[in-house]
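S.K.: Have a look at the structure that comes next, please.
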Amino acid sequence: MHLNSSVPQGTPGEPDAQPFSGPQSEMEATFLALSLSNGSGNTSESDTAGPNSDLDVNTDIYSKVLVTAIYLALFVVGTVGNSVTAFTLARKKSLQSLQSTVHYHLGSLALSDLLILLLAMPVELYNFIWVHHPWAFGDAGCRGYYFLRDACTYATALNVASLSVERYLAICHPFKAKTLMSRSRTKKFISAIWLASALLAIPMLFTMGLQNRSGDGTHPGGLVCTPIVDTATVKVVIQVNTFMSFLFPMLVISILNTVIANKLTVMVHQAAEQGRVCTVGTHNGLEHSTFNMTIEPGRVQALRHGVLVLRAVVIAFVVCWLPYHVRRLMFCYISDEQWTTFLFDFYHYFYMLTNALFYVSSAINPILYNLVSANFRQVFLSTLACLCPGWRHRRKKRPTFSRKPNSMSSNHAFSTSATRETLY
């Protein structure tokens, strides 16, 4: 990406450096759309935006091809993985008892990830990577695109957090979990997540809109999907979005998964040191209840595996989403006077990197969450084999092990199947 030589060398945003007519300076006009996570700016090649386009924002062809190849790979992996996950959870009745109600959370997460890939990635590739403007989908398409993208982003983050809450209750408070995590309550909770996500995304319907920023205001090449409110309002929207779709979910995920990992680690150590017997306890007011449970060697290995998966979940969420939100917050906290040509170029390519990581999150979630349950993984691969006959021949045969029921003693009636639901 480079700026045209015709761009004045003074401070970005000065009145004499206006590529388009309108209230924003050149940097404001460019970064308003960039900072809302979708776009390479409101400016493009001078021959398409009108005679007064002094700012040329170009991505070199090699970067475009590389980003396109990465996006296509993520699109294939993500859509196949999330589609098969959703299909598996909806059609396979053998999963109705999978990890208590965790299959509802997995299904909701797969749906939000799938919608992000289907709704956001194609539009971004076309109108923000290859053809900066004119915007090709009209004013309704502009508002609807940002609304749906933000709603699905909120839903993904909140679904990951809700899955952590479900696992925390199931592992650390198994008695309460049986009461709190009923199927009907879980369905209502997930419905509330989607409703909250839609409500949180409503501001995008009024923040974004179609404007013509060509010199005379009529050139068709100057149509851009851009913020139609003042810069201060845009910054508020960005910061609220960052808090609700990243900081808050990350705090919940990090705390709960740390507690879960520590609990599983203690259980593994107890099982290894005390003859495969671990103790699970719960508090109910003044009453303290405990039960001992014998765990087989295979189950101990599964517990160790569960600890690693939980750590991977936290790391993946932070690695994929932190750069994305850091890049957006750059717009909020870097003043116009601090933007240089070098920083502008860095921002543009940093945009492509962070958005690629953002889509990695949607593509990798099926892999991470399929690792949580061996039962789910088995049914997932079985479904994939049915949908893709060629996959059946590539699957390696794995030895099967017979498992004896877990034995336990407790002052509460607690079934073996219920106990298995609290463990990975």
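Glycine is no exception: its Cβ is also placed from the backbone N, Cα and C atoms.
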S.K.: Need the cross-check against Swiss-Prot: the disulphide partner of Cys225, picked from Cys142, Cys152, Cys172.
M.R.: Cys142
S.K.: Looking at Asn38, Asn212, which residue has the N-linked glycosylation site feature per Swiss-Prot?
M.R.: Asn38
S.K.: From Swiss-Prot's topology annotation, check whether Phe342 and Tyr126 share a side of the membrane.
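M.R.: Phe342 and Tyr126, as annotated in Swiss-Prot, occupy the same side of the membrane (identical topological domain).
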S.K.: When the topological domain 'Extracellular' (331-348) is classified with DSSP, how many of its residues are helical, how many are strand and how many are coil?
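M.R.: Taking the topological domain 'Extracellular' (331-348) as a whole: 14 helix, 0 strand, 4 coil.
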S.K.: Averaging the per-residue pLDDT over the topological domain 'Cytoplasmic' (261-308), what integer do you get?
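M.R.: The average pLDDT of the model in the topological domain 'Cytoplasmic' (261-308) works out to 60.
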S.K.: Given a 10 Å Cβ-Cβ cut-off, pick out the one of the disulfide-bonded residues Cys142, Cys225 that has the most other Cβ atoms nearby.
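M.R.: The residue with the most neighbouring Cβ atoms within 10 Å is Cys225.
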S.K.: Could you give the number of helix, strand and coil residues in the topological domain 'Cytoplasmic' (166-185) as assigned by DSSP?
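M.R.: Per-class counts: 17 helix, 0 strand, 3 coil.
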